[in-house]
Amino acid sequence: VLLCVCCRAAAERVRYSIAEELGRGSLVGPLARDLGLSADELPARKLRVASAGKKQLKYFIVNEENGNLYVNERLDREEMCGESASCSVSFEVLVQNPLNVFRVEVSIEDVNDNSPAFRKAALDLEIGEWTLPGARFPLETARDTDVGRNSLLTYQLTSNPSFSLALKESPDGSKQPELVLERALDREKQSSFELVLTAVDGGELSRSGTVQIRVNVTDANDNPPVFSKSVYEARVAENLPAGSLVLRVRATDADAGSNGRVSYSFGNVPDAVSALFAVDSESGEIRTLAPLDFEDKSKYIFGLEARDGGGLVSHCKVQIDVTDENDNSPEITILSLSTPVPEDAPVGTVVALLNVDDPDSGENGQVSCELSGEAPLSIVASSGGSYKVVTASALDREQASEHRVTVVARDGGRPALWSRTELVLEVSDVNDNAPVFEEAAYSAYVAENNAAGALVLRVQARDADAGANGRIRTLAPLDFEDKSKYIFGLEARDGGGLVSHCKVQIDVTDENDNSPEI
């Protein structure tokens, strides 16, 4: 029998916002108060963090005494969310008595804790002395792992009458620094120049990074490499084997000889890019070094540079979109299980809270849950991937003292992946059955003069809640001549106060215990 419930309860969500890098023990917010819990309720309600996510559990903790939410581990926004414009951590908190679950979302705001950095400590340029004023030479861009205004970079160049700095806006909105030749160079007068390029971010307390520019004045090489595109794009499926071809870039150089020979390399890219991709310096082929994981990152944007034999450089952007494969089964976590549950629990009582998580995206990550097994239980969807298992009809311990059901979670992939876990619910007894005598009336024949304490008859009452038996014995010898019949009632009472009655009749039989009397 499959019990499938498709309704979704309205989500109850509490939101907070904190800055990254807060120390352990920093206050996030008055969670208990925001959930409407008073200080007197806290010991019984047992407010705590409970989430299926492996990382979320370590970030925050609830103080049992005041119900406040605190930072449990330093939060590094760049490590958690990378270059994403928004960053938040979502998790569930549980309360007991009665059992309930709430969704909490904490937004992590960026602080300017990273300085702009160049990939190299120095850049070498070769400029021919015949180059006309106004010629531009692309320079390496700096990288700042902060986001928003904290990552907006401006550039400054040390003052020199022969050179100035220009900023060219790239297709993605970033600014590409370019060295502009202001006046003709004369190699015989000065064969080299040393300049310093400074990148400054837009933080309130700005940070900066520098790179040295070494200009060597040469005699020839008047054409830089030219890429066939300014932006190269590719879509690849996750889990591609290492060594798979992603795309190929191509740049040409009109010069001859070594000055027209082009080699390719990465620009200033994050370590994560250079760990996953490699570029062939001669062919421009970009291949994978390791399997890609859509759940880890779904898009990579980085720069490539083409350099000719004379030192002239041009740049392009590469964008690689990783498509999702259904490679993750739903993961079922039992957040709380209330067992045993009394048999008189009302219909709709929450007996278990589950969390089902599937890190895939789209239909691959859409999960449905159902119960398999014969049990008076149903499953109801709650917020944030949580599910409640509730009683669907009345429980009866005398019919079944234990219920076993299997929770089955399936995703929407084709073919679908699924997982299962078993729930065992014990039913505790309540006094809902009165004792029942085996017979409505009992009768027995007993010889007179029976010894005191002799067994007369045995009555028995059974109680489905708990059993008890009774015996009737004589307290003194019986005398037929005194009384030959006894009729009385018996009452059976269980430990919960429920009673039942029966009738007992005892006939005393005559013995020849009297001599004739003259």
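Don't overthink the numbers, they just go from 1 along the chain as shown.
Even glycines carry a Cβ here, placed using N, Cα and C.
Feature annotation from TrEMBL assigns domain 'Cadherin' to 10-118, 119-227, 228-332, 333-437, 445-518.
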Model confidence over the domain 'Cadherin' (445-518), averaged pLDDT: 79
Composition by DSSP (helix, strand, coil) of residues within the domain 'Cadherin' (10-118): 17 helix, 37 strand, 55 coil
Number of helical, extended and coil residues in the domain 'Cadherin' (119-227), per DSSP: 4 helix, 52 strand, 53 coil
